[in-house]
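Participant: Pulled these from TrEMBL:
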| type | residues | note |
| --- | --- | --- |
| DOMAIN | 48-325 | domain 'Sugar phosphate transporter' |
| TRANSMEM | 37-56 | transmembrane segment |
| TRANSMEM | 68-87 | transmembrane segment |
| TRANSMEM | 149-174 | transmembrane segment |
| TRANSMEM | 180-201 | transmembrane segment |
| TRANSMEM | 217-235 | transmembrane segment |
| TRANSMEM | 247-267 | transmembrane segment |
| TRANSMEM | 279-301 | transmembrane segment |
| TRANSMEM | 307-327 | transmembrane segment |
Amino acid sequence: MQRQLPENAMNVAVATKENASVDSAAEIVMQTRPPRFAKAGTALLYAAASTLITIVNKSVLTGYGFPSYRFVAVSQMLATVTVLYAAKRLGRARFPDMGGRTFADVFPMPLIHLGNVELGLAGTKELSLPTFTVLRRLAIPMTMSGEYYLLRVAADPFVKTSVAMLVTGAVIAAGNDVELNIGGCAFVLFNDLLTAAGGVFSKRKLNANRQMGECGLLYYSSLFVLPFALVHLYFSDDLDHVYRFNYWLYPPFLIQMFVSSIMGLVLNYSTMLCIQYNSALTTTIIGCLKNIIVTYASMFIGGDYVYTFYNFIGINISIIGSLYYTYVTFRPSKQMEYNIK
């Protein structure tokens, strides 16, 4: 009995220590895992911003026939740099001052940002909006591959099923669009590739450099690439067409141009938040899910949608796949969403 008492006491101590370790690990997981309302809230913010800017850009470039997507891209970059610089000076935003390693800290995000803005606007101008939004779904398997090879994140079978539905619908819809534009499709496909790269690299950058944050990454990405965008605009023939544009004194157009410029910042910031609280893949798919509204609204806005049976069926298959992914991702689950390494 005298030997058992110390042994029992030791067992109790070990058990208590193990329970404390389990409780501590659970507490760490709960602190690491974002709340569900934060995940859903950032996803909804991104969906709303993406919906509004797509409709406004389509109205500016197609509805009013504005001649230069490059000018719109530059206006969005200028708005981003101006607003974030003012916010930093007023103490409303925090990010590091420029230093010797700043460019290395954000690279290759400036190049991805420039390509995303210009190619996205070019595709919006060249394609009917339903075809544009369906082809954008091809960014999803690209993002899933990028997460697997660069972030070591493997998708589960339910996610793969929803992605297959999204891509199948995209192929059916775009393959039977009577207004299919090869050049416009090329713009969008390159845009898809850059979207996938941007999502994956944003996740890596935000995790690797917490001090830079979403605002710093956006500010320096726009700042470093703005001179190249200005040179590109200057040496194109766009400025002459912009100068001769007929609606510069038309208030509704000016309001939409202003909204487009500001929404560039809002969209990029909401994208960063959604990537940080969710994942690059979820952000890409939410961008496709919001196109439920955009796709159907575009049948009445812009006047460039031509109905065909297969196009309509393909769009709806993609939408069902988007809804299924949303259900799989945001449904309550007892499994841990993050692994502690």
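Note that Cβ sites are derived from N, Cα and C of the backbone, with glycine treated the same way.
Curation does not apply to TrEMBL; its annotations are automatic.
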Participant: If you count Cβ pairs under 8 Å, which stretch among 68-87, 149-174, 180-201 touches the transmembrane segment (247-267) the most?
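Facilitator: Ranked by Cβ pairs under 8 Å, first place goes to 68-87.
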Participant: What parts of the chain pack near the transmembrane segment (68-87), using Cβ distances under 8 Å and only residues at least 6 beyond its ends?
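Facilitator: Result: 57, 60-61, 93, 95, 114, 117-118, 121-122, 124-125, 215, 218-219, 222-223, 225-226, 229-230, 232-233, 236, 238-239, 241-242, 257, 260-265, 268.
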